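Peer 1: Supplied in structure tokens, the structure appears directly below.
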Amino acid sequence: MYGHLSLSTLSLLAVVAAAPFHESWLQPRDSDVSQLFRRGAPDPKASDYLSYYPSPGSTPNVSTIPQAWLDKLATVQLPNVSVATANDGRPTYPNNENDGDSEICSFTDQCYVEDDLYSPPGEKVWALSFDDGPTDVSPALYDYLAQNNISSSATHFMIGGNIITSPQSVLIAIEAGGHLAVHTWSHPYMTTLTNEQVVAELGWTMQALSDLNGGRIPLYWRPPYGDVDNRVRAIAKGVFGLVTVLWDSDTNDWAISDQPDQYSVASVEAYFDTLVTGNRTQGLLLLEHELDNNTVEVFETEYPKAVANGWSVKNVADAFSMKWYLNSGKGNDDVVTTMSVAGTLTTAKPTHTSTSVASATATSSASVTDSAGVSIASAASSQESSSWPIANRPSLFVIACGLALAAIMV
């Protein structure tokens, strides 16, 4: 039946069909977590962009949680730790339980576990991070980081509600090479939330970041106020594979505006000086913020002092010699491994992602919906990602070769 086609044409068909096939497409699934983020990335410039996410400013309603996240939660063995109650900024547990004991291990009581990132190894390594972005002052901070060639040396723990209301600022950080991580959706005391609410706070922030960053799934999160215990740790790790990042020193830059009677730019800088210009050699993982002009001013004043005193600045992942994202190695242009909507593996070419955000109307070969009826697809890794399911590639190659062989025989 192929006799009317020329040998050259059939040979070309074989080459074309075989060309997209790469061994990397046949690798095992990178992580079960990648299956939890299946929606095609909406266009942040589209008028309906916000409709793809829960409302900013409050914990997402449980009804918005994709069923896949809840199913994963059901498989996680959680410790017997009660939900805490907020009490003047300090979570308390029922029956006067001690939040510092090993079973609860609340960082509010300065308890941390081996898996937490607390203080980086190595001498004079400053693990640079900023919480609470993006804000109005974030673009100026990102400009300063770029001017000093340290954009990729900073981790930004971002708030989900801020991400979706200021996506262009996030894209600036991505394009500059900043390392993005999770700071929850609405900045609550996490130990006071139910298991499902914890999932919503983390998962939706991860989704928003992944959508903007080419499908790169965050690997790190920092609890607001440092409020984390073993129950919350277990959910973050068990459901989403997240690593909990704490701090070994609080700069109190946040308090300049919150507690002006106790803290000022000068007093915070004076404390900062003791850390970066003194005799300390142990690595630093500081609590810093991109909240307002005061917090940015403190950093811009102290950074040159630290460098002059021999400190090397690295983002959190690099400071601990770990990869940047759950499904990608180092940088915002490394290869991304994700799951397609059909549950098959695709590998994207390295690309800067700020110019390749997928359309909100992108189509897919199958449909998966969350509990709120929202269509979910894989987080788009790049517009250059192949749209053919990997399961079809070997068979297409065999078919093409068969056609060529048939032509020869004819």
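Any Cβ shown, glycine's included, is placed from N, Cα and C.
A quick note: this is a predicted structure, and the numbers were derived from the prediction, not measured.
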Peer 1: Check Swiss-Prot for me: it has H183, H187 binding Co(2+), so pick out which one of D132, D248, D250 it puts in that same site.
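Peer 2: It is D132, as the record lists it for that site.
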Peer 1: Which recorded positions are spatial neighbours of H289 (active site, proton donor) here, meaning Cα within 10 Å, out of N61, N80, D131, N149, Y225, N279?
Peer 2: D131
Peer 1: Can you grab the distance from N279 (N-linked glycosylation site) over to N149 (N-linked glycosylation site)? Cα atoms, rounded to a whole Å.
Peer 2: 26
Peer 1: Within a 10 Å radius around the Cβ, which one of these recorded positions has the most neighbouring Cβ atoms: N61, N149, Y225, N279, N293?
Peer 2: Y225
Peer 1: Look up N293 (N-linked glycosylation site) in the DSSP assignment and report helix, strand or coil.
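Peer 2: N293 (N-linked glycosylation site) sits in a helix per DSSP.
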Peer 1: Could you say whether, by DSSP, N149 (N-linked glycosylation site) belongs to a helix, a strand or a coil region?
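Peer 2: Note: N149 (N-linked glycosylation site) is coil by DSSP, not helix or strand.
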